[in-house]
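What TrEMBL says about this one:
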{"type": "REGION", "residues": "1-56", "note": "region 'Disordered'"}
{"type": "COMPBIAS", "residues": "1-54", "note": "compositional bias 'Low complexity'"}
{"type": "DOMAIN", "residues": "101-248", "note": "domain 'HhH-GPD'"}
{"type": "BINDING", "residues": "250, 257, 260, 266", "note": "[4Fe-4S] cluster binding site"}
Ligand code: SF4
């Protein structure tokens, strides 16, 4: 079956994507990007296959790949104009804590526990001095609560001891903090500091492979490779758009290809149902997407 035109698919997609009152009231820093935690090794298995090397993209040149990547980014920007980090936060410290807590759970779940956590421990010094059992009780519902408590308190200790309680705005410093890897660091850099960063979470891995942007499975290599395709100024927003698209349409299993705005640009079109009616039923609403990891 032939993919739909970009205009037709985009029009359909835009109708189902509306700006929420909640996000409209969100601090400016929150509107640009990030989250989602999951194992870096699962993307290849979830996507089922690497980028296809057959079809009309079999002889795609490097220039063609760059142009197609940027067109996909533009279509996703039109489709998800409000794509943003779905974790609630008011400052870099809160986003760092929330991102660590988001591993293996939903942003929605994290947002349910952080109001009490941040009210009880508003600063790194407060969290570093907390009773671990009290913190565990608050974050329990996010899962792996003992390990997460250890991570966020260890991170808070490190901030107090090495950075006067402030979150450093540099990748090389962020990744030295307990519980903080490149993915978490890039979320914080992009969304709290406005420093462009590519967040290679499970959705980003799966989609970048389906788009044929990379065949890599290592997150750092993916980050480097995609960084050469798309302008640096777009890195943070691109990350968020792929995460939103992954949560709403390009699912690990049964992607909604027949209701996908980037279908005409996607070598993996057909990996999911192409019938528009069947595909439309696979598209998650905003509320359903919030419940997705
Ligand atoms: S066409 Fe299918 S595989 Fe490609 S991005 Fe859209 S939903 Fe994902």
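Just so it is clear, glycine is given a Cβ too, placed from its N, Cα and C backbone atoms.
Structure with TrEMBL features highlighted.
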residue: 250; record: [4Fe-4S] cluster binding site; Cβ within 10 Å: 25
residue: 257; record: [4Fe-4S] cluster binding site; Cβ within 10 Å: 28
residue: 260; record: [4Fe-4S] cluster binding site; Cβ within 10 Å: 30
residue: 266; record: [4Fe-4S] cluster binding site; Cβ within 10 Å: 24
Within the domain 'HhH-GPD' (101-248), residues counted as helix, strand or coil by DSSP: 100 helix, 1 strand, 47 coil
Near-site residues: [4Fe-4S] cluster, ref 250, 257, 260, 266, CB cutoff 8 A to centroid: 210, 249, 255, 256, 262, 263, 268, 269, 271, 272
Reduced DSSP assignment, residue 257 ([4Fe-4S] cluster binding site): helix
